[in-house]
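Asker: Just lifted these from TrEMBL, have a look:
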type: COMPBIAS; residues: 1-15; note: compositional bias 'Polar residues'
type: REGION; residues: 1-29; note: region 'Disordered'
type: COMPBIAS; residues: 44-58; note: compositional bias 'Basic and acidic residues'
type: REGION; residues: 44-68; note: region 'Disordered'
type: DOMAIN; residues: 73-479; note: domain 'Amino acid transporter transmembrane'
type: TRANSMEM; residues: 75-98; note: transmembrane segment
type: TRANSMEM; residues: 104-132; note: transmembrane segment
type: TRANSMEM; residues: 153-175; note: transmembrane segment
type: TRANSMEM; residues: 195-213; note: transmembrane segment
type: TRANSMEM; residues: 225-247; note: transmembrane segment
type: TRANSMEM; residues: 267-285; note: transmembrane segment
type: TRANSMEM; residues: 306-331; note: transmembrane segment
type: TRANSMEM; residues: 360-381; note: transmembrane segment
type: TRANSMEM; residues: 402-422; note: transmembrane segment
type: TRANSMEM; residues: 460-480; note: transmembrane segment
Amino acid sequence: MPRAQQTTSAKSVQQVPDELPQPNVFSTHSDLYSSQADFLSHDVDEPVGKDVEGKDNPDQPPSDKLPLEARQKGTWWSMAAGVFLANMGVASLTFPYAMASMTWVGGIIAGGIAYFASFYTLYLMLDLHVVGDRRFNRYRELGEFAFGRVGRFLVAVVQYSMAVGINIAYTLLAGQAAKAFYDELCSYGSSCPPYGQSAWITTIGAIVLLLCFMPDMSSLNLTSALGTVTTIGYTAVIVGASIAAGLKQEKATGHHAEWNLDGRSHVAGILGAWAALGTLIYPYGTHIVALEMQAQIPEPSFRPAFVGSALGYGLAGVCLFITGFAGYWAFGADTSQTILFGSTVRTKAAMSGSIPGPRWVLALGDILVVASLLLQFQLFMMPTFDAIEGALRRHVKKVNAWMRYGCRIGFVVGITIVAISLPFFGDIIALIGALSAVPDAYIVPAWTYQRVRKPPKSDWRFWANWAIIYTGFLVMVLAANKTLANGKSRLQEQVAQLERRTLTGSHSALLTAH
């Protein structure tokens, strides 16, 4: 069919057909749904999306200089690196702890289901990047098309809450890792002035402040490649050091770590497993930047995006599960929330459940974690910057560089302040996984596919999507509830400890005065 006949007015509204043909996995999508060009028309003030060549919709204000659309320099390998980093993040540090809460059988089953279900929903996202003659470069645009204005708002809330939450968690953990690295260097006899965790988080924020001046999404290709190398590096350190620690314990005691949960009550074990689901689900945050990464690839983009995603997902799965198995095998039910460092100050008590050494290995792992996190920040920040700059364009006639970068600086300063205020990294990760990763990675993609592609009941995807949607809602509620309970109990413990120290100090001062 000629191109002119496929394109219709963005203002027209026609009835959406009940069933649409299902695409082939490697289809370029340029000829899909050509007879349903009006399928994208809907009753909103501004049409969403771009045409297949990536040109702006004529009824939209120019946005060619926004960070997500400034250039299209993406390839399958940049997609692979981005997907790997978005999945990994700091998951290697927390995956063993989730395994410890679910034991071998539960961890393998739940982790495997979460992994394959999230890869399936990622495929759905890549497939929805182009529908008819429109290309959706942003998650929220796809949400608006599928569910209207309310959908745009809800998708934006879950997408950016997860992106902001990830950046806060990364800032917090990078500060902890930097402090741990500094402490390891000082442990060799050097005279080092002490610096608190807040100082190191502030230092990380200052470095991120410099990195936030990278202009657009395509400029992240090199940092994503370097981040992949450093992430694989610290994963190798965790696996090797965990196996060495486990073998050393077996040789010294004659038995391996305790893997069962005999020390916990039946109820505590069940609730702990539900909380661990949030940690198991957290790694699969690719979906919040999937369309944004695919937007960097010129059309036809589906095949290179799918190949890159499959490679990145495969590598991430290998790293995650090897790390989880090695850490849980070595430390058992006592595995700490972040296996590389149980505490930023490594004392004998803090070392329980985390890698004990040697110190040069710990220092190497710490600095690789810092480097990896610094190289990952922009992957989740750039879509947020794009949304902020887009909002500025709608309210300001001309947006200059001072305004754009001023907003970026304010955003980085804000997440740094929040990171300094948050004490519990493991619970933060679990809460982000429960409240944001579940809808972003499971519920929204499956539901959107049902609304847009409308698979018939005879198609297995119809039943798979609804199963993912209902299970996702259940997991989200249960995991979030238990995670909040864990955080509350930890906060109460810290407050009680602070009160005891205050009373002890006051008593000592009175004795000294007398």
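Cβ from N, Cα, C; glycine included.
On a predicted model such as this, the values are computed, not experimentally measured, just so you know.
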Asker: Among 153-175, 225-247, 360-381, 402-422, 460-480, which stretch has the highest count of C-beta pairs below 8 Å with the transmembrane segment (75-98)?
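Answerer: Highest pair count goes to 225-247.
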Asker: Please indicate, using numbers and ranges, the residues of the same chain that are 6 or more beyond the transmembrane segment (306-331) and have a C-beta under 8 Å from a C-beta there.
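Answerer: For the transmembrane segment (306-331), the nonlocal Cβ contacts are 25-26, 75-84, 87-88, 91-92, 95-100, 104, 107, 111, 115, 119, 122-123, 126, 231-232, 235, 238-239, 242-243, 245-246, 249, 256-257, 259, 283, 286, 290, 339, 353-354.
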Asker: Does the structure show the transmembrane segment (460-480) and the transmembrane segment (360-381) touching, where I'm treating 3 or more Cβ pairs under 8 angstroms (sequence separation 6 or more) as a contact?
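Answerer: They do not touch: fewer than three Cβ pairs between the two stretches lie under 8 Å.
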Asker: Answer yes if the transmembrane segment (360-381) and the transmembrane segment (153-175) have at least three CB pairs under 8 Å among residue pairs 6 or more apart in sequence, and no otherwise.
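Answerer: Result for the transmembrane segment (360-381) with the transmembrane segment (153-175) is yes.
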Asker: As a test: from 104-132, 153-175, 225-247, 402-422, pick the stretch that has the greatest number of Cβ pairs under 8 Å with the transmembrane segment (195-213).
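Answerer: It is 402-422, which has the most Cβ pairs under 8 Å.
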Asker: Report yes or no: does the transmembrane segment (153-175) come within contact of the transmembrane segment (104-132), defined as 3 or more CB pairs under 8 Å with a sequence separation of 6 or more?
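Answerer: Result for the transmembrane segment (153-175) with the transmembrane segment (104-132) is no.
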